[in-house]
Structure formats: C-alpha cells, structure tokens
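**Student:** Grabbed the feature section from TrEMBL, which reads as follows:
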type: DOMAIN; residues: 49-482; note: domain 'Major facilitator superfamily (MFS) profile'
type: TRANSMEM; residues: 47-71; note: transmembrane segment
type: TRANSMEM; residues: 83-106; note: transmembrane segment
type: TRANSMEM; residues: 171-194; note: transmembrane segment
type: TRANSMEM; residues: 281-300; note: transmembrane segment
type: TRANSMEM; residues: 340-358; note: transmembrane segment
type: TRANSMEM; residues: 454-477; note: transmembrane segment
Amino acid sequence: MATAPKEAENAIVLEEIPMETQEPPKGQKTFTVEEAVETIGFGRFHIALFLIMGSTGVAEAMEIMLIAVVSPLIRCEWQLQDWQVALVTTMVFFGYMVFSIVLGLLADRYGRWKILLLSFLWAAYFSLLTSFAPSYIWFVFLRAMVGGGVSGHAQGLIIKTEFLPTKYRGYMLPLSQVFWLTGSLLIIGLASVVNPTIGWRWLIRIASIPGILLILVFKFIPESARYNVSTGNVAAAVATLQRIAKMNGVVMPEGVLREPTKERRGRFKDLMHPKYLRTTLQIWIIWLGIAFAYYGVILASAELLERDLVCGSAAPAVQDPGDDSEESRSPCHCHLFGPAAYQTMIISTVGEIALNPLNILGINFLGRRLSLCITMGCTALFFLLLNICTSSAGMIGFLFMLRALVSANFNTIYIYTAEVYPTTMRALGMGTSGSLCRVGAMVAPFISQVLMSASFIGALCLFSSVCVVCAISAFTLPIETKGRALQVCI
C-alpha cells in the first residue's frame, strides 16, 4: 500500500501537494476515496467532525437571528421607520446572496477548509465592528458584510457530507438542525438578559464569541479528501484517510488510491451541463420556495397572533406589528420586547425540531425526493389552515407545525443538494442554491408584512401555491440520492 511521507501522517495537510499521477503496476490493487470512506466507517473522527462542523450552525443561527432581537432597540436609538428596520434584514440576505456564489466558486477551486476559515474570520470581524456602528447607515453596511461571511458556513456541511459514509449521511446531517436550534435559542435567551441591562451592542459582541471559538478548533478537521483527490493532491488525501482510519481504529483498504483528476473545478457552466441542467433548475426553485416560506412564517407570526380570531368578525387594523410587549407608544417607536415576547419566540423556535425524528425516517426510508414532496405539501396545507378561525392556542399550534415543516424542508434540500452534485462542483452547487434561497428571503417581508395587511387570504394562498410548486418540483427531480455514492466529476 502506498503511504504518504511521515510528516504528512502526523499533521493535517491543508495545502495542495502536487503529485503526478502514475499508472499503478499491472495487477496492483487500487481503491477510491469512496471505498476508503466506506471501509473506515463511522467512529471517533466523525463524532468530532459532527460536533465541530455542526457547531457552525450555532454561529450562523446567532448571527442571522440577531437582527430579530435587536431591531426594536435600533429602531428606538436611531428613530427608524418600519421600512428602514426591514432594510437591515434585506441587506443581510443580500450580502449572503452575493457572497454565497463567490465563496462557492472559491471553495471548489481552493478548498472547503480554507474558505470556511476565511468566512468565519470575515463574519466575526464585521460582527464585532457592527457593535461599534456610529449610525444606521454603518449598521446596515456592516450587517450586510456579516451576511456575506455567514454564507461561507455552508462549507462545514459539505465537509461533513464528504467524510460521512453513505448510510450515515441520512441520519447525521438532519441532526445538525440541533445546532441551529441551539444557536437560535441561545441568542433569544441572551437577548432577554443582555438587551434590558447592558444593551444591544454588548449582545452583538457576546454573539460573536461562538464563531471565534470555532476558529480555534478548525485545525482538528482536515481538508476534504475528496476535494484533494479531485485536484490531483493524492498524497494529502491518503494522509488524511490514514489519520481518520487511525482515529477510528480500523485498517485502510489495500492498494493505492486511484481517482480521476478533474483540473477544471467550480465552473458555473457545469451546473448547466445536460446531465445536471434539469436538476439544477428544479433545485433552485425549491430553495427559493423553501426560504420564501420559512422567513414568511417567521415575519408573519406577530401579525397573525394580533388578528381577531373570533369567527365572523373583521380583523382589526394592526397598529404596530413590532409592539410585542404592549408597552406605551412613543414618537420614536420604542416598542421593546417584554418577557412574553421572548417566551413566544422560544416556543415557536422549538417547533423547528419537532418533526426531526420523522424527517430522518422519511429521508432514509422514503428517499430524499418523496420525503421533501410530502413535507412541502403539508407546508402548503398548514398555510391555508391559518385562515381558519380558532383560538390563540390553536393559531400558535398551526405556527408551531409550520415552523417544524419548513425546518424539515431545509434539512432535506440541504442533504439532497450536497449529495447530488459531484465533488468538482459541489460547493458551487450549494453556493448558487444558497444565493437563490436568499432571494426568497428578501421577497418574503413584502408578502408577510405588506400583502398580508391588504389581503390576508391572498398572502396565505400565495405562500401555499409556492409550496405546491416546490412539492411538484421535488417529486419530479430526475436523480434520487438515497444510498447513492458521492460522485467525483461529471
């Protein structure tokens, strides 16, 4: 069996090691990265991988959900109008959208690990700067930069996907939702304590700590062996696989590592290749629709709960959808969250993991396509059910189920997208999908806050219709990735 230099065995090799591909002697055994990953199986390395790369979701959730808990305070401090507060969220997603494509291209060309580290450094730096923002304009600009950095966190999911054996991907990847939930609950809990005492600027600084700590432990996770092989970096791939086998206490496959090398990587036109064109277009539709529904539910929750829920009565005019604490109104719109508002946010957020066990079973037994089709169809149904006159508890129940369903949709499409594309374009595929996702997030506020005020049933029907289109797209996807080995190149 071919071995890497001793130095490469004792360290995590991050840089590319050029090595000419030579034909193995006739009759000599060979193996691929896919075969090595399956032979090594699941062990201690993968537990560390799951905890470290999964924790990127904690940092991402805290940065994304941060705006929701600081909006009332910046509205008061700078005397902002509603559209100015909404613009902050829009610009965060705009930064995410633009950088998602760029970082996806760079990750396929220069490595997942390097881009992940860069994105965390970028997000932490601009997040800390945000806490010193002297004006509203600076705040918007700096949060947009944070959104750009957060878009690179998706490389953590790609690294996990490329190291996990096939039969474990459908179980371990959905469990990553626990980290997003943890981050969301953590920022809400911190906000309830920090905002009323030392202020929102300190909340932003504290929220940056998880991302900074993660940067310090990234060194324990190597660059993807699949990526190294796709660049011809066979020695680095072998060193990484040997290290993982040693950690897991197993033996590497016999022979030498052999994989076809793809020199050109991360090309946008590869997404339009006839083999993937239909898949790419349908995935983009699904990503856009899921984000549209997800952020639509979050942004519309407060307004939905303020409606007159007695059958046959007219809905009252919404005086201020941001006034969750029912505090007295003032010229500068200081409607700060009270304990009840934070409690409602926590309850609805917990709903995101309610269907996780069923989602995992569906992904692994029904397949990615059918599972996504079912959850998207149920999401469409529950949007229509919101129009039913019911009690406040009933409405909260509907919202709880909607949060659970839209979260399950995200779980499934994340896994499918990471599995369907080959190594040479996987990061780009995730990046462009994430970019379209943010387009849906940018449109959602206009439907959930503007159209819903004018036509409640019209807004719900629009959300429901988009989910139906996504369900059909999911059912008709040309490739099922359940039990399918990760592809190396087109």
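Cβ coordinates are placed from backbone N, Cα and C, and glycine is handled just like the others.
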**Student:** Flag the pair the transmembrane segment (454-477) / the transmembrane segment (47-71) as in contact if three or more Cβ pairs fall under 8 Å (sequence separation 6 or more).
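**Tutor:** Checked: the transmembrane segment (454-477) vs the transmembrane segment (47-71), no contact.
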**Student:** In terms of Cβ proximity under 8 Å, which residues at least six beyond the ends of the transmembrane segment (281-300) contact it?
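**Tutor:** The answer is 68, 372, 376, 379, 383, 399, 402-403, 406-407, 409-410, 413, 416-417, 420, 429, 432-434, 436-441, 443-445, 447-449, 452, 459, 463, 466-467, 469-470, 473-474, 476-477.
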**Student:** Sort out the residues at least 6 away from either end of the transmembrane segment (171-194), same chain, that have Cβ-Cβ distances under 8 Å to it, and list them.
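**Tutor:** The answer is 46, 50, 54-62, 65-66, 69-70, 157, 160-161, 164, 200, 202-203, 206-207, 210, 337, 339, 342, 345-346, 349-350, 352-353, 356, 359-360, 363-364, 407, 410-412, 414-415, 418.
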**Student:** In terms of Cβ proximity under 8 Å, which residues at least six beyond the ends of the transmembrane segment (83-106) contact it?
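**Tutor:** Sequence-remote neighbours of the transmembrane segment (83-106) are 64, 67, 71, 74-75, 115, 118-119, 136, 139-141, 143-152, 154-155, 266, 268, 322, 427-432, 434-435, 438-439, 441-442, 445, 449.
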**Student:** Taking only the residues in the domain 'Major facilitator superfamily (MFS) profile' (49-482), give me the average pLDDT of this model.
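**Tutor:** Averaging the confidence scores along the domain 'Major facilitator superfamily (MFS) profile' (49-482) gives 81.
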